[in-house]
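What TrEMBL says about this protein:
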- 1-26: compositional bias 'Basic and acidic residues' (COMPBIAS)
- 55-64: compositional bias 'Basic and acidic residues' (COMPBIAS)
- 155-166: compositional bias 'Basic residues' (COMPBIAS)
- 251-263: compositional bias 'Low complexity' (COMPBIAS)
- 70-142: domain 'CSD' (DOMAIN)
- 170-184: domain 'CCHC-type' (DOMAIN)
- 1-65: region 'Disordered' (REGION)
- 137-166: region 'Disordered' (REGION)
- 210-280: region 'Disordered' (REGION)
Amino acid sequence: MRAQERKREKRGEERERERERARTERQASGQQQRRQQQQKHHSTTAREGNTSPGRHGETREGDMSRSILAGTGFCKWFNVRMGFGFISMTSSEGSPVDPPMDVFVHQSKLVMEGFRSLKEGEPLEFSYKKSSKGLESLRVTGPGGGPCSGSERRPKGKMPVHKRKPKGDRCYNCGGLDHHAKECGLPPQPKKCHYCQSITHMVAQCPHKALAPPSGSQDPQHASTSASSSGTGSGAYLCAPDEEEGGRAGSGSSPLEGSSSSPEEAHSQRAPRSQRWRKS
């Protein structure tokens, strides 16, 4: 029995050794294949002449420089609020363009100070490139490379607003100017008048405010004229019927004669009635 077990163990060990040999052979063959592929790749790149990375970068820079073109033209239209528009290109690389071609322009590409915008018909010099969406400007200047003149229009809401003068911060508890009420170190103070700062009364009972002349006061002459004018409109209702009849009988004049008089004379005649009624 022991001899049979030893034979089985030997067979198992031999099988494991064979498997390890097969694995090592596979790995070696894989490495050889990879080396061969790398050698083939290097040989093909050497034939094409692009083995050095510097030359490859130079070719890309050359392509980029060729794609950037220079042109001249004028502003076709420009939306000041949105910040973009189009340029009508009349010449490209010194050769005329007929009919003019549209080139997209964004406010970030404009060379100027302050608020960047363009005016319709403004002459421009620019560099542009071709993209999937069309022609796009890269740098836009005025004639001779100077700054763009820009438009006088400004979007609504961006006009300079005249700010009010900042009022001094005042504590509503003690009246100090260097802090607010929530930062006041004093205990809650008693309420006081906002007009004279007195503790004995409130602003509604302030005697100083009652003595002050009101802002809407009128002159005595203006008040008398207003009273007389009000009396003319409502004199028939304010005076007694006997006085009204007596006045009509005493006048003895026709309505036409009364109408020929000036309105100032009529006011002067009717004013005493309203004044007497008001005094009574």
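One is the number of the first residue shown, and numbering goes on along the chain from there.
Positions of Cβ are set from backbone N, Cα and C atoms, glycine also.
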DSSP helix/strand/coil residue counts for the compositional bias 'Basic and acidic residues' (1-26): 25 helix, 0 strand, 1 coil
Chain residues in Cβ proximity to the compositional bias 'Basic and acidic residues' (1-26) (below 8 Å; excluding those fewer than six residues from its ends, i.e. six or more beyond): none
